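S.K.: Handing you a structure now.
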Amino acid sequence: MVKICCIGAGYVGGPTMAVIALKCPSIEVAVVDISVSRITAWNSDQLPIYEPGLDSVVKQCRGKNLFFSTDVEKHVSEADIVFVSVNTPTKTRGLGAGKAADLTYWESAARMIADVSKSNKIVVEKSTVPVKTAEAIEKILTHNSKGIEFQILSNPEFLAEGTAIQDLFNPDRVLIGGRETPGGQKAIQALKDVYAQWVPEERILTTNLWSAELSKLAANAFLAQRISSVNAMSALCEATGANVTQVAYAVGKDSRIGSKFLNSSVGFGGSCFQKDILNLVYICECNGLPEVAEYWKQVIKINDYQKNRFVNRVVASMFNTVSNKKIAILGFAFKKDTGDTRETPAIDVCKGLLGDKARLSIYDPQVTEDQIQRDLTMDKFTWDHPIHLQPMSPTTVKQVSVVWDAYEATKDAHGVCILTEWDEFKTLDYQRIYDNMQKPAFIFDGRNVAEVDKLREIGFIVYSIGKPLDPWLKDMPAVA
């Protein structure tokens, strides 16, 4: 029986291994993590992450051929294939601070694998890592190998949160990169055999190590670039009276461009986009390519500009001050159908409004108060370190209250900011919300989910990103 072990029970490791266990009943899969609370949650009815469909997959396999454990060394030493899915945060100090990936957790995982292994192993990079990480890991393993043979593969994940289980069941492609040696090719084949139990052969791509590592960064950079492109257009649309939804639809009808990822918004978030682009920038700089680095930096600059523009629009519309005004924040996760708040644009928008002394009432169907308070008080990049290394009890922000209902959030508010495109926000009783708000009542739609005309009929003053401006807003420039 083939044994697989995955180090790291997070957003990538947990769902990926659960699906491998479901699709390959003859393989024993163990997911290990040093966080006791996280493993306890994986073994309970309340899983540590929210992902549609994950619950039933875990429950079908757990205890049969899928195990969650804190006994890291035991499972690693018994495994034939070891996936490494640990945090690779952005460095906050030292060489490459603010851009380079911090490979501390990766390196300690590699040293531990070398330490406990008694048989040959295939070690698979699952975390998003900078190009050439495999080479560094290879050196650590071979210099500590005690005669054991290790093969390194890169198998980047291309999951989208909210649809991760479907993405795993039916992936666009599975990418496996390895050495172009007989041992490397044999290792590639071994991993290919796992995926081939449910993924069509033609969707399993094999490359060299560096191509696989770079493909992941490149894919995320291209996706983020599309969002920044349409967001740049949204600013121009507002200035000229064009409608970004119509422009994006017309552009997306070109089959060479396609319609995906052309929704204008308050900005992109999530654990990968910004981190991977910063990583790409750093790699370009290290390889003497400053022009290429500058090019990719612009994608993040536009994203930051979009968030600032949104905050400025809110403040400028409300008589240039939000001091002591209650503002409702609908949605805090970085996108719908996930409880993930990593790098969510809501953090910067909320911080911007708090900087102008606003009082915030926040509602998100999947994000806890503790998480929101943590996000609003944490230093940049701290979120990407393992939970047990994060500050224990975050100081709470006094001007923030977290509520469990959109009507409670909007009661007596001067303005409403929609920051996540949860479906329920499309069907709220906006008449009821309007009746219970201070007047004039403002809605700032950062996700273009609201029906602008209906809201204006009710009496709202509406700002919708990239849409023709409300007469009220026309005289108020959104200074960046």
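Quick reminder: no glycine exception, Cβ is built from N, Cα and C everywhere.
Here TrEMBL flags 8-13, ASP33, ARG38, 86-90, 127-128, GLU161, 272-275, ARG342 as NAD(+) binding site. Among the features that TrEMBL reports, active site, nucleophile is placed at CYS272. What TrEMBL lists as domain 'UDP-glucose/GDP-mannose dehydrogenase C-terminal' is 328-452.
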S.K.: State the Cα to Cα distance, in Å, between TYR11 (NAD(+) binding site) and the residue listed as 'active site, nucleophile', rounded to an integer.
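M.R.: Rounded to a whole number, the Cα-Cα distance is 12 Å.
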S.K.: Where THR90 (NAD(+) binding site) and CYS272 (active site, nucleophile) are concerned, what is their Cα separation in Å, rounded?
M.R.: 11
S.K.: I need the CA-to-CA distance for GLY8 (NAD(+) binding site) versus CYS272 (active site, nucleophile), whole Å please.
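M.R.: Per the Cα atoms, GLY8 (NAD(+) binding site) and CYS272 (active site, nucleophile) stand 17 Å apart.
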S.K.: Output, ordered by sequence, the same-chain residues six or more apart from CYS272 (active site, nucleophile) with a CB under 8 Å from its CB, or 'none'.
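M.R.: Set apart from CYS272 (active site, nucleophile) by at least 6 residues yet with Cβ under 8 Å, we have THR128, ASN220.
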S.K.: Pull the DSSP breakdown for the domain 'UDP-glucose/GDP-mannose dehydrogenase C-terminal' (328-452) and write it out as helix, strand, coil residue counts.
M.R.: 42 helix, 19 strand, 64 coil
S.K.: Ten-angstrom check, please: count other Cβ atoms within 10 Å of the Cβ of GLU161 (NAD(+) binding site), all chains counted.
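M.R.: Neighbour count, Cβ to Cβ under the 10 Å cut-off: 24.
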S.K.: For ASP33 (NAD(+) binding site), just count the other CB atoms lying within 10 A of its CB, please.
M.R.: 25
S.K.: Among GLY8, ASN87, THR90, all listed as binding-site residues, which has the most CB atoms within 10 Å of its CB?
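M.R.: Its Cβ has the most other Cβ atoms within 10 Å: GLY8.
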S.K.: Sorted by position, what residues of the same chain at least six away from GLN274 (NAD(+) binding site) have a C-beta under 8 A from it?
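M.R.: Non-local contacts for GLN274 (NAD(+) binding site): ALA224, PHE268, ILE300, ASN303, GLU343.
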